[in-house]
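J.: Pasting the relevant annotations from TrEMBL:
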| type | residues | note |
| --- | --- | --- |
| DOMAIN | 1-180 | domain 'Josephin' |
| ACT_SITE | Cys14 | active site, nucleophile |
| ACT_SITE | Cys14 | active site |
| ACT_SITE | His119 | active site, proton acceptor |
| ACT_SITE | His119 | active site |
| ACT_SITE | Asn134 | active site |
| REGION | 261-333 | region 'Disordered' |
| COMPBIAS | 269-278 | compositional bias 'Polar residues' |
| COMPBIAS | 279-290 | compositional bias 'Low complexity' |
| COMPBIAS | 304-313 | compositional bias 'Low complexity' |
| COMPBIAS | 322-333 | compositional bias 'Polar residues' |
Amino acid sequence: MEAIFHERQEGSLCAQHCLNNLLQGEYFSPVELSSIAQQLDEEERIRMAEGGVSSEEYRTFLQQPSGNMDDSGYFSIQVISNALKVWGLELILFNSPEYQRLGIDPINERSFICNYKEHWFTVRKLGKQWFNLNSLLMGPELISDTYLALFLAQLQQEGYSIFVVKGDLPDCEADQLLQMIQVQQMQRPKLIGEEPAQSRDERVQKTDLEQALDVNHPFDGTGMLDEDEENFQRALALSRQEIDMEDEEADLRRAIQLSMQGGHRSEFSDSVSQNIPHSSGTSQSESLSSEELRRRRQTYFEKQQQQSQQQGQTPDIHDKPTTSSNALGTDPE
């Protein structure tokens, strides 16, 4: 739709944008429309003076502001109508009895000018397709033939005044191009200012979970200094080492108790295989050595044996943990 001329809203110059979007070019400026408005004001003043310059009506007319334009840039329907007369075009009210008697299908027209609360915009057919050229939109909006009548009816229900543009519009590049091809529009153009407001709403409407994550995890890791990262990894390794050592000592005590009670070796082997890490790269500082494990087993057993002898009990040879290194499933030596 790049070939379609579309002026976006600036200030209150919607009448200028309406005319230029209708004619598909920069045909009118605010200065030219102001000149037409002043000419209309002068013609009205002359008509009012015919009743006497000293009459109350005339003095009241002079004190009133112009009805054809204001300081914001708004122009009346009379200004738009006179501007179109330069191109041999005229306006007919869409729902007037005069037009209704003609019984013309809106699809067979070429363009419409719509007004509501001092806002003007154009709906025009380019090639074989209809477009809403409202200056408040970010770009032209495609209107299907089946939707056109419904669109105009909706505008009337909302209080819009609709005028049919009669006459031959000047040739334009978009009309010639769209006679040969048809365009498709996947998404309706947004209103001016609608997109930034939406992005602001998305930023404001962050969930509580997202806000909590932002507070608890202010860094994503990419901005962390190398030294901080190294210290962080070292602290994690030390905490894992302490946990592993505690688990190994607990497993050792449990294994000896099982052997003293005639427990099944398989149960201990399963416990050791699940809790003792098997990483070949584990250093001596990260886990107990085999010699240290053997020494602790020996000390623990001797203490248990002494207690048994004091109580007059002789431990069974099969329950002797000093010779049952196979309970670990591997030879620690």
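Glycine is treated like the rest: Cβ placed from N, Cα and C.
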J.: At 10 angstroms around each C-beta, which of the active-site residues Cys14, His119, Asn134 has the fewest other C-beta atoms nearby?
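T.: It is His119 that, of the active-site residues Cys14, His119, Asn134, has the fewest other Cβ atoms within 10 Å.
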J.: Please report the Cα separation of the residue listed as 'active site, proton acceptor' and Cys14 (active site, nucleophile) in Å, rounded to an integer.
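T.: Computed Cα spacing between the residue listed as 'active site, proton acceptor' and Cys14 (active site, nucleophile) is 6 Å.
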